[in-house]
Amino acid sequence: MNVTSALPPTENITNSDDVHILTTYVMRYISFLIGAVGLTGNTFVVVVIMSASKMRKQLTNAYIINQSVIDGTISLFLILTTIFEDDGRKYHTLGDEIFCKLWLTKIWLWGFFVTSSYNLLALTLERYLAVVHPIWHKLKMTKNKVAVSIVFVWFFGPVYNLAYMIPTAGITETGYCTVYSIWPNSLSQHAVGVLTIFIQFFGPLFMLVFFYTRMIIVLRRRVAPEGSSNSNRESGGGTVQVRKSDSMARARKNILKTLAMVAFSFVFCWTWNQIYYLMFNLGLMTGDFTSVFYNFTVVMVFLNCCINPFIYIAKYEQFQKTMKMLFCNKETNVEETQLCNSSVE
């Protein structure tokens with residue numbers, strides 16, 4: 001399940017406990033703020049990359065654009081689910097049942113979080129193939145393959161969530177919407193919980209660790225002896241070519257470092273909640289899903305949808321140069337222009 005899968009039924013959440021009421025209001029304000037920042041930041045990223053023809057044609061940036069669109073969508077749903085949440089009224093009609101199952105479960109919010117995780121995985125896989133299998137990447141990694149993978153990740157998250165969230169939500173006899181609580185038995189609940197944790201976090205985590213470990217190993221093996229590099233630089237006719245090669249190598253190295261930071265932010269933001277929920281599903285602890293600490297873990301997950309734009313602004317040199325040319329209207333020198341236009345494929 002996702003970060004709120006094990007929350008008690010809605011009718012049990014609304015109580016008069018002062019701490020819980022305060023926490024609820026604070027969470028609403030924080031969620032709305034994160035959503036607003038995420039929507040603005042990710043829209044900004046899309047505008048900047050789409051403004052440069054060189055950037056938007058690169059396969060890596062296609063995934064980055066998609067990542068920003070996904071995270072922007074998450075931010076929008078975070079705002080909407082904060083505004084239009086369960087008001088505690090009783091539900092009776094078929095429309096109420098649909099509203100309970102398709103909205104109050106927050107299927108789309110958490111479904112697109114899973115989509116975001118798998119787009120990050122697809123983005124990392126593209127860089128892995130470029131570094132570890134460059135010939136295959138050059139010949140076989142086409143725009144059509146990228147498009148297919150993008151469509152897949154958009155469907156995967158929501159479809160998986162629909163499969164288990166709709167059957168486990170409904171209207172109780174007393175007329176309240178209860179979510180993630182209608183299970184045949186506790187074993188099936190915990191089994192689906194563990195499976196979901198693996199699908200949305202530990203699976204991508206293991207793959208990210210594998211990809212980056214292999215890329216580091218391969219890149220270290222490719223480091224040329226310093227003397228050989230210097231002799232190539234001193235050859236008279238190759239100065240321009242060497243400079244161009246250096247610019248491209250720098251661009252590739254920079255995007256790899258940037259994406260490594262994006263992957264690290266995903267792991268850092270999600271680990272708190274997923275470890276907490278895993279321990280609950282394994283019976284190692286009794287989960288308090290209204291506690292301050294639990295809400296802290298949820299906020300950390302929410303932050304993941306708005307942090308990437310700041311990473312691009314701070315670390316992604318190609319993005320920085322494009323942003324500079326777009327908004328500052330300043331001329332760049334030859335080296336900066338080459339960096340901005342260098343392919344990272």
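Heads up, the Cβ atoms here are built off N, Cα and C, so glycines get one too.
Values in this document were obtained by computation on a predicted structure and should not be read as measured data.
Noted in TrEMBL for the protein shown:
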TRANSMEM  29-50  transmembrane segment
DOMAIN    41-312  domain 'G-protein coupled receptors family 1 profile'
TRANSMEM  62-84  transmembrane segment
TRANSMEM  107-125  transmembrane segment
TRANSMEM  146-166  transmembrane segment
TRANSMEM  191-212  transmembrane segment
REGION    226-245  region 'Disordered'
TRANSMEM  254-273  transmembrane segment
TRANSMEM  293-314  transmembrane segment
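In this chain, the transmembrane segment (293-314) touches the transmembrane segment (29-50); three or more CB pairs sit within less than 8 A of each other, excluding pairs fewer than 6 residues apart. Per-residue confidence over the domain 'G-protein coupled receptors family 1 profile' (41-312) averages out at a pLDDT of 90.
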